[in-house]
Amino acid sequence: MNIFGRTKEQLAAALKEHDIPRFRADQIIRWMYRRGAVSFDVMDNLAKPLRAQLAEYFSIERPKVVSRLHSADGATLKLLYEFADGQTAETVLMRHPYGNSVCISTQAGCRMGCAFCASTLHGLQRNLTAGEIAAQVIGISDFLRTEGARVDTIVVMGSGEPLENYDNVIAALRLLHEEYTIGLGYRGVTLSTSGIVPGIERLAEEGIPISLSISLHAPTEELRSQIMPVNRMYPLADVLRAARMYAQRTKRRVTYEYILIRDLNDGVHEAEQLANLLKGQLASVNLIPINPVSERNLFRPDKAAIRRFQKILEERHITATLRREMGTDIQAACGQLRNRLMEAGL
Ligand code: SAH
């Protein structure tokens with residue numbers, strides 16, 4: 001039984017079944033989450049027979065890093081993790097001037113079918129477990145600690161739809177919040193969703209003050225349904241209502257992601273429609289010029305069109321930031337690295 005990803009309480013309960021006293025959980029947890037142990041052998045404050053006993057019942061194996069890519073400027077590191085059953089997922093470390101941010105995946109593959117996204121090209125393989133989600137961050141945290149640095153913020157924006165794997169995602173965030181792991185502040189977490197309305201409503205009641213980001217990408221029902229099939233299940237109007245409720249309930253500003261795609265959603269008309277849609281809300285728009293994915297026929301607008309779109313929003317008092325690009329030279333766009341390796345038969 002792999003116990004990586006358990007809380008201290010859960011571990012203590014598992015130990016109890018084998019008559020191992022509770023204080024051992026403190027020791028093991030420390031090794032597992034703060035000292036990078038991947039086997040019981042190294043736990044030199046436990047007697048040898050106990051280590052052997054533990055190894056008989058449990059493992060603390062972590063996902064393996066099977067590919068590691070550094071961007072030329074050194075600011076971005078992309079990892080491909082492989083889990084025990086051979087499934088893979090990507091994780092990205094972004095070194096910003098204001099701190100280190102980790103972008104995590106929540107599913108192997110994705111079933112949402114968004115037109116612009118590489119993660120969904122091969123469908124959904126499975127949900128990641130809480131341990132597999134947390135391990136992506138803890139692995140990077142261990143590595144940063146060797147430089148005297150730490151993980152400051154997390155964006156749940158990698159492959160997969162986090163609100164379709166709700167329980168495991170929340171369990172992972174709660175685990176990462178514990179002081180015996182990385183003591184992550186919830187205010188440093190941003191979760192991005194394609195708009196799963198019941199999930200947004202549940203998250204509003206969860207009592208953890210994380211920021212919500214909505215993948216909007218179109219200002220009308222018709223266009224959004226064309227780009228994001230999920231809109232047929234949860235229409236734009238309902239998503240916006242849920243997002244407004246989330247902002248009110250948590251007093252956190254909601255951000256809307258809007259990928260700019262040439263001749264599809266980047267026109268003056270769409271910018272005006274978007275401004276009308278968001279008028280008077282505690283909200284801001286994050287404009288993302290599309291990372292073209294070779295399998296899709298979607299292209300990036302030119303600089304003038306991007307600027308024009310942003311200006312229309314600003315003139316209508318909607319805060320609109322342009323996402324800073326990082327790691328395009330290392331396929332840091334969702335799912336691109338994983339696909340390349342899957343297609344190469346790896
Ligand atoms: N399923 C969740 C989280 C993963 S996708 C969601 O839909 O929000 C998160 C974000 O990845 C998208 O909103 C978009 O900002 C970004 N993204 C995906 N594919 C992209 C592409 N080809 N170019 C630019 N951004 C992309």
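Numbers run from 1 along the shown chain.
Every residue gets a Cβ built from N, Cα and C, even glycine.
Fair warning: this is a prediction, and the values are worked out from it, not measured in the lab.
Features of the protein shown, as given by TrEMBL:
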{"type": "ACT_SITE", "residues": "Glu90", "note": "active site, proton acceptor"}
{"type": "DOMAIN", "residues": "96-329", "note": "domain 'Radical SAM core'"}
{"type": "BINDING", "residues": "Cys110, Cys114, Cys117", "note": "[4Fe-4S] cluster binding site"}
{"type": "BINDING", "residues": "Gly160, Glu161, Ser192, Ser215, Leu216, His217, Asn291", "note": "S-adenosyl-L-methionine binding site"}
{"type": "ACT_SITE", "residues": "Cys334", "note": "active site, S-methylcysteine intermediate"}
Glu90, Ser192, Leu216, His217: which of these recorded positions put a Cβ within less than 6 Å of any ligand 1 atom? Ser192
For Glu161 (S-adenosyl-L-methionine binding site), the spatially nearest of the recorded positions Glu90, Cys110, Cys114, Cys117, using Cα atoms, is Cys110
Mapped onto three states, the DSSP assignment of Ser215 (S-adenosyl-L-methionine binding site) reads strand
Pop the Cα-Cα gap between Cys117 ([4Fe-4S] cluster binding site) and Gly160 (S-adenosyl-L-methionine binding site) into the table, whole Å please. 10
Between Asn291 (S-adenosyl-L-methionine binding site) and Cys117 ([4Fe-4S] cluster binding site), what is the CA-CA distance rounded to a whole number of Å? 9
Measuring Cα to Cα, how many angstrom lie between Leu216 (S-adenosyl-L-methionine binding site) and Cys114 ([4Fe-4S] cluster binding site)? 11
Fewest other CB within 10 angstroms, which one of the binding-site residues Cys114, Glu161, Leu216? Cys114
Cys117 ([4Fe-4S] cluster binding site) to Glu90 (active site, proton acceptor) - Cα separation in whole Å: 14
Between the recorded positions Glu90, Cys110, Cys114, which lies closest to Ser215 (S-adenosyl-L-methionine binding site), Cα to Cα? Cys114
Closest of Glu90, Ser192, His217 to Cys114 ([4Fe-4S] cluster binding site), Cα positions, recorded positions only: His217
Go through Gly160, Ser192, our binding-site residues, and report the one whose Cβ sees the most other Cβ atoms within 10 Å. Gly160
Nearest by Cα to Glu90 (active site, proton acceptor), of the binding-site residues Cys110, Ser192, His217, is Cys110
